[in-house]
């Protein structure tokens with residue numbers, strides 16, 4: 001058994017990830033979702049400037065994050081939270097998860113996306129869900145790309161669109177909400193019935209839709225239209241420097257991601273400084289590359305390829321957070337009946 | 001031979017640690033989150049027709065996948081246990097590869113291979129992940145089963161089939177029961193595969209618990225489904241325990257005595273085993289092919305943080321993180337699993353009422369069958385009561401992984417330990433050996449190979465673990481499966497290439513881990 005013992009001992013010495021917490025005197029725990037990204041250099045810079053260590057803890061997707069914050073409001077798992085979006089926000093706002101705080105940076109753009117009158121949440125970034133098009137197969141058939149919701153239901157574009165199931169996918173939910181905002185409570189179910197007869201394909205997640213069914217991604221699938229993000233074309237730039245795909249800017253729904261100081265934060269003053277930092281120019285400048293979203297702050301230049309391939313939609317659809325919260329389950333049921341039934 | 005109470009003190013002490021771990025990191029959190037949801041909503045959910053459709057689909061697809069995994073896994077087990085054919089080391093390693101692959105990537109591969117296959121694709125993908133459980137668990141016991149009983153049956157005129165059915169199969173029953181229970185639980189709780197290959201049209205208790213908890217925050221609905229899940233899991237485990245119940249010990253032999261060159265009709269079984277391995281390699285090969293689609297770009301990208309820095313760590317850092325987390329989890333699970341086995345075997349030998357032993361055994365398996373979301377949310381509402389608030393600690397990742405790996409270790413070790421003929425131990429004791437010496441001279445040598453097998457298996461499962469890790473990991477400790485999931489979830493060709501290169505790397509690490517562990521010679525025993 002000696003060699004086995006030696007192996008186990010080596011394992012013990014070589015690799016223990018247990019322990020090693022970083023609870024220094026000025027540590028702020030930032031709770032966020034698993035799509036969060038930050039340039040490590042930006043984190044280091046913030047630490048050098050303020051002496052505050054930001055300890056990032058990811059906890060599932062935006063929905064999981066919101067529910068965790070609600071469940072742990074009496075014993076919070078951090079000091080500041082980022083990533084609650086407008087489709088989940090009212091759940092957290094109703095439950096007293098956040099402390100009121102108006103950041104001095106909030107007037108520089110984030111106020112445009114304000115969601116509550118008490119300054120509980122501050123917008124950090126904006127991500128628009130839009131239909132993306134791969135124009136090449138359409139050009140081969142001498143067709144122009146569609147532009148509007150109506151076009152998507154037009155028989156000229158039969159069997160071309162792939163969407164995500166709103167019950168399992170965040171862009172899928174956003175696109176369903178876009179159709180509700182556009183067609184209203186009365187008309188949206190009928191629109192989906194028309195999409196269904198026009199051969200819309202439903203898959204459960206973005207990965208299958210975009211990287212497998214969509215013809216414009218590396219998966220080179222069969223369908224030239226897909227529900228994705230306004231930012232996605234910036235990642236599909238060919239060797240000639242031109243974008244191979246584009247977003248249909250009249251089919252978008254605005255997802256806004258918010259940050260807030262948690263009530264019960266151990267270190268609320270430093271937590272506020274971290275929130276200010278999330279709104280500051282250095283952080284805002286890197287959100288396109290690390291998280292594929294648009295900065296909430298005004299006057300922050302987008303990366304060059306974004307300016308060319310991924311302009312921000314001028315007037316995307318949106319719905320009040322309260323309505324989304326109140327109707328989410330019913331709308332998904334209605335959608336299921338219309339599309340699956 | 002005194003069989004009085006004092007002999008129970010040791011086993012009970014050994015059982016305390018694994019049972020305590022189970023209570024703190026599983027039973028308490030699950031009970032707490034279910035209790036939060038208890039209310040009128042539970043009755044409403046339990047009487048809804050859709051709920052019972054979910055139960056039926058969950059159990060049906062899991063049963064079908066388990067049956068396929070058993071049929072496919074048994075020939076491979078025979079090949080590994082009973083034959084000395086060149087290339088067995090390769091087969092032993094390669095069957096483990098599916099286990100470590102992220103479900104998102106396997107889901108995409110199956111969608112490409114079987115477009116519009118629906119339920120069939122779900123069942124096949126679940127079986128694909130689990131052939132290794134059957135092959136390795138059954139081979140672990142089979143390689144020690146004395147061949148002479150079969151030879152005698154043959155000499156007395158029984159056909160090969162009859163010999164297999166009348167002699168071999170009954171001897172293997174505990175291992176087959178063990179494997180079937182584990183596979184069933186894995187399939188019943190599989191999540192990504194069901195969503196992805198079902199295209200959102202099919203749901204299981206697991207996917208619905210996720211949607212209720214995470215999307216809709218309907219805790220009463222989730223509690224009702226979690227209760228159903230627990231009841232179903234306990235029912236399956238009890239059935240499995242009854243199958244595993246064995247009245248007679250086997251005459252276990254060292255492996256060298258039992259492996260031979262196949263002869264005659266055995267080649268048919270060997271051919272079937274190779275066919276299974278080839279089938280397993282089809283999705284694996286498509287992934288490897290994709291990783292080379294634009295040359296070595298994906299592999300070069302592993303040194304960086306993805307297209308324009310999509311990741312918090314580089315690909316290589318993720319590899320290191322994976323190896324470290326899996327090492328921690330495997331060590332914890334080996335300690336807990338071995339203690340649990342020692343306790344269960346000793347209690348069994350001490351002729352405690354079998355019901356008690358089986359209840360403990362069943363309880364230790366529960367974590368395999370209960371939703372990761374239920375456990376994860378349960379942690380949030382309980383673990384802050386412990387000193388040091390483990391809820392967001394990096395230490396929780398290996399602990400949560402160990403929760404999954406420990407039952408696997410138990411299921412691989414226990415059939416072998418239980419099958420050891422007690423007369424060997426009695427003989428040793430009569431010759432003056434202390435109880436500790438009996439373990440060292442009798443049980444350890446015969447179970448050593450299974451222990452190594454369990455180590456390799458546990459390590460691979462921990463390497464591939466995604467649920468708990470993605471839920472709890474900090475950005476700088478992201479493991480390779482987490483990184484792959486993130487890359488696949490981003491647009492951009494380079495991200496995709498890097499994801500597939502990451503998969504190929506994960507396969508290599510898996511094969512290396514299995515080969516290294518399998519090659520360890522347990523010198524003092526001289527059996528292998």
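A Cβ is built for glycine as well, from the same backbone N, Cα and C atoms used for every other residue.
The structure displayed is predicted, hence computed values, not measured ones.
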Of B:426-449, B:450-473, the range TrEMBL labels transmembrane segment: B:450-473
Contacting positions for the transmembrane segment (B:119-139) when only residues 6+ beyond its ends and CB under 8 Å are counted: 61-62, 64-66, 68-70, 72-74, 76-78, 80-81, 92, 95-96, 98-99, 106-107, 110-111, 172, 175-176, 178-180, 182-183, 186-187, 190, 193-194, 197-198, 202, 276, 280, 283, 408, 411-412, 415, 453, 457
Outside the transmembrane segment (B:93-113), six or more residues from its ends: residues with CB under 8 Å to it: 76, 121, 124-125, 128-129, 131-132, 135-136, 190-193, 196-197, 277, 280-284, 286-287, 456-457, 460-461, 463-464, 466, 481, 484-485, 488-489, 499-500, 503, 506-507, 509-511, 514-515, 518
Cβ contacts the transmembrane segment (B:393-414)/the transmembrane segment (B:54-81), at least three under 8 Å, sequence gap 6 or more: no
Considering the transmembrane segment (B:54-81), which listed stretch of B:12-34, B:179-199, B:329-350, B:498-517 counts the most C-beta pairs under 8 Å: B:179-199
Distal contacts, the transmembrane segment (B:12-34) - CB-CB under 8 A, six or more residues away: 219, 222-223, 226-227, 230, 335-337, 339-340, 342-344, 346-347, 360, 363-364, 366-367, 370, 374-375, 377-379, 381-383, 386, 399-400, 402-403, 406
